[in-house]
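> Sequence annotations record features per position, and here TrEMBL assigns transmembrane segment to 12-29, 41-58, 70-91, 103-124, 136-157, 169-191, 203-223, 235-255.
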């Protein structure tokens, strides 16, 4: 793959690095009261645009084929929004005894509270040849569920460091997340044929808006001289994130392949990806709302910014191994993942 092709493929990850560097060089542009006016453009218009775009792009008509697979849906949503946050909370009780930056550790907890993403889990499930309909359903349903559950989990595990009262947080979430999502779905009903024919770049639009949100978040941080990021803590958090992802992928694989699970090999593929992936697109805007005005917001956001590319990288690397395992099971053989790797 040539350099230009690689840049086109990884433009969002490159964009994250560039906007953070830009925020470091000129933080005054994206702070409150600055030229970009993030207290209005980001807090309301940018976040609303992301969720309107999600509503417009979400093919709810494709979910009906997977609707009745209750056991799979219950497992995925319970693992993602109950087991994952609790397991990380217990892990952090140990990690708090280490010298790792406490705000990065809080960021790990915010990652655990996020719903599954709409895109990456589905793409990887499709690449393996797993149950794509189940992946689509759980990603979409998890996103809707996350609108309510994720803020509650964030407030439960971390509390709100904002002066904004609880009721105001949910009213803003409703107006900037729920309403645009519903409006997007309504518009899709009338524009479905046009959208399917033209195939607008929904993902690219949301990613571009998300870069603006990330930029203004880090502008606030770099404008505060009292906040510094410890490189050692950052490296340790990267390693912890990879360990969490690998451990949870193995755990979901073990549970979904037990004799009493009732899951097919294709179901297991969807379970592995949907249960362990976390949404950056939903996560960053929610953090901006729940922790509005909090000076350590960008440090708390760092683990989520790391988790997003690492889940895609790790998932992509494991696609051939998981596909080999699934093919073997479907042909009647029972190889383990370790045999498939060989």
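Yeah, the Cβs are placed from backbone N, Cα and C, and that goes for glycine too.
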> In the same chain, which residue numbers or ranges, 6 or more beyond the ends of the transmembrane segment (103-124), come under 8 angstroms Cβ to Cβ?
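Sequence-distant neighbours of the transmembrane segment (103-124): 54, 57-58, 76, 80-81, 84-85, 87-89, 91-92, 95-96, 132, 135-136, 138-140, 142-143, 145-146, 149-150, 153-154, 157-158, 203, 233-234, 237, 240-241, 244, 270, 273-275, 277-283, 286-287, 296, 299-304, 307, 311-312, 315-316, 319.
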> Which residues of the same chain, at least 6 past either end of the transmembrane segment (235-255), have a Cβ under 8 Å from a Cβ in it?
75, 79, 84, 87-88, 91, 95, 98, 100-101, 104-105, 107-108, 111, 261, 268, 271-272, 275-276, 302-303, 306-307, 310-311, 314, 318, 337
> Could you tell me whether the transmembrane segment (12-29) and the transmembrane segment (169-191) are in contact, taking contact to mean 3+ Cβ pairs under 8 Å with a sequence separation of 6 or more?
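Since fewer than 3 Cβ pairs under 8 Å link them, the transmembrane segment (169-191) and the transmembrane segment (12-29) do not come into contact.
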> Using a Cβ cut-off of under 8 Å, list the residues of the same chain at least 6 residues beyond the transmembrane segment (41-58) that approach it.
118, 140, 143, 172, 175-188, 191, 195, 200, 202-203, 205-206, 209-210, 212-213, 216, 281, 285, 288-289, 292
